Every structure is written in C-alpha cells, then in structure tokens.
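Trainee: Sharing a structure here in structure tokens format.
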Amino acid sequence: MLHSQSYVNISFFQPASFLMIGIPGQEAAHGWISIPFSCMYTVALTGNCLILLAVRRTPSLHQPMYYFLSMLALTDVGLTLSTMPTTLAVLWFDHRLIAFNACLVQMFFLHSFSVVESSVLLAMSFDRFVAISNPLRYAAVLTNNVIIRIGLAIVARATVSLFPVPFLLKRLNFCPGKILLSHSFCFHADVMKKACDDITVNILYGLYVVLSTVGVDSLLIVLSYTLILHTVIGLAAPKERIRALNTCVSHILAVLVFYIPVIGVSMIHRFGRHLPQIVHALIAYVYLVVPPVLNPIIYSVKSKPIREAMLRVLRKKGQG
C-alpha cells in the first residue's frame, strides 16, 4: 500500500514555477524594448485614470454613456495591472520565474478582465442603440439603478465563466521538462499545452468560454449596429444622420481595437503553430497592451466633453 501511494505521488507532477519569456530571440535587447513597453503602460494607466477622474468630477458627464466609458477605463486599468508586473520584471530585471499558483491567479484576472471588456463594449453598443432609436426615453431606460445592475451582471458573468479554469488546470499532470511559457504572462492556451495529460476538457471549456462571451458579444454588437443603421437611415435630414453616426465613432473604434487582436490571438493559437514564436508573442502583446493605451486616446480625441474634462483635471493637478 505504501509503495502504491508513493507511485501515485511520483507519477503526478505540477511545476513549482513556470519560466516566462519576453520577446523571443530578442533577449539581448530587452533593456531597450522595455522603454516603449514602459511608455505604453504609463499612457494606459494615466489616460484611463484621467477618464475616471474626469467623469467623477464633472457633473455634466454623469450620464449613461460616460458611466459605461468609466467601466471601460476601469477594466483597462485592471487589464494593464494584470500583465504589467511580470512583463516589466522580465524586461527590466530578467526575472522570469512565476510560481504555479501565482500563474493561475494572473491568468484568471487577465482573462476575466478581457471578458469584462467585451461585455462593457456590448453594453456601450446597447447604450448607443437606445440613445439613437429612442432618445426621449433614453434617461428613463438607462437609469442609475439599471447601469449598476448591468455592471454587476458583467462582473458576475466574467467571474462565473473563468472561475473553473484554474481548477481545471490544477487537476492536470504536467511534464517536468515543459515549464517555458511563450509570453511574459500566463495565458490559458499556453499553460495548458505544458501538460502531459489529455487536455480535451480544457480545450472544450476554453472554447465554450470564448464563444459564450466574446463570440456572443460580438454578434450582439453587430446586431446593435445593424439596428442603429436602420434607425439612422430612417432619419429625414442628412445632418441628423451624420450627427447620430458621429456619436458612435469612438465606440466603433474601441470595438475594432479590442476585437481585431482577439480574433488574431484565437486564429494564431489554433492554426498558427508553424509561425515563429515571436509572432505569437507580439500578437498577444497587441491584444493585451494596445487597447488600454488606445481607448483613452480615441475618446479624448473624438469626444469634446471628455477631452475638456480631462484637461480640467490636469490643470487642477498642475495648480495643486
């Protein structure tokens, strides 16, 4: 009996830690590469925090559209903080080890914030649909209580969807020699491939999460804009059509900035195994780092109320 128990313990292996990698093949240049990454993280955190402060301190921005924008900014802050510590640790200090459990925690938050971002973009498309198709009932439909419920539902959906993922990975037997990850953070598709067990359940559940969250959200966003276009075409005056569509430009750009890299990551992980490792790494960085950087820029450029409110926050900070 003792011999049998000993055999079970030896046959099941989970690594104490994984070994992360920065930009494959560019290790000697990590010091220089860290400069643009540091700048992007700084822009992402500063820009999104400015949006949060601007909306909070400007009574005229206490409207559904800007509450949803605050949710997007808060999500981008979370997504940035999910990857920034390990990425900069690898690039600055060549600190490449991450504990197994810490890896699972990072992976949970990283993917959860991605699902939340997708859900917030869907909520924003619904906001635009209501504002354009039924402007007189806009404030009555999207009350503060409704917005709070939508926010709570978004967080609950992401948490419930991603909660099983770390536990499905913990049950796997990993290969002792396969601890090198493909990124400077823990990605589900990357981590599960280091196992020596059958990962069919992990693959199917991962596919289910993607289809039931990002997949459904993208279809509903397309449906929302189809209905918006139908409403806009029905408007008599060309100026009204342009004005109505102009309120959607920032959101459309944010949708494209998020979903194009998502599609790229999904396609590469499933069909791009023959591609160089550096391509996998760069696409993943674009997916996780670029949207939080670009969203504040898009909204500050395209939305005059947001731009002016952000500038007022900066001026007060300078005077203080």
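All positions are counted from 1 along the displayed chain.
Cβ atoms are placed via backbone N, Cα and C, with glycine included.
Any TrEMBL annotation is an automated prediction that lacks curation.
Quantities reported herein were computed from a predicted structural model and do not represent experimental measurements.
I grabbed these lines from TrEMBL:
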DOMAIN    47-299  domain 'G-protein coupled receptors family 1 profile'
TRANSMEM  7-25  transmembrane segment
TRANSMEM  31-55  transmembrane segment
TRANSMEM  67-92  transmembrane segment
TRANSMEM  98-126  transmembrane segment
TRANSMEM  146-169  transmembrane segment
TRANSMEM  218-237  transmembrane segment
TRANSMEM  249-272  transmembrane segment
TRANSMEM  278-301  transmembrane segment
Trainee: Please compute the mean pLDDT of the model over the domain 'G-protein coupled receptors family 1 profile' (47-299).
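Mentor: 93, rounded to a whole number.
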Trainee: With Cβ-Cβ distances below 8 Å as the criterion, list the same-chain residues six or more beyond the ends of the transmembrane segment (249-272) that contact it, or say none.
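Mentor: Residues packing against the transmembrane segment (249-272) from afar: 72, 114, 117-118, 121, 124-125, 128, 189, 210, 214, 218, 221, 225, 279-280, 283-284, 286-287, 290-291, 294-295, 298-299, 302-303.
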Trainee: Which of 31-55, 67-92, 146-169, 218-237 has the most Cβ pairs closer than 8 Å to the transmembrane segment (278-301)?
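Mentor: Answer is 31-55, with the largest number of Cβ pairs below 8 Å.
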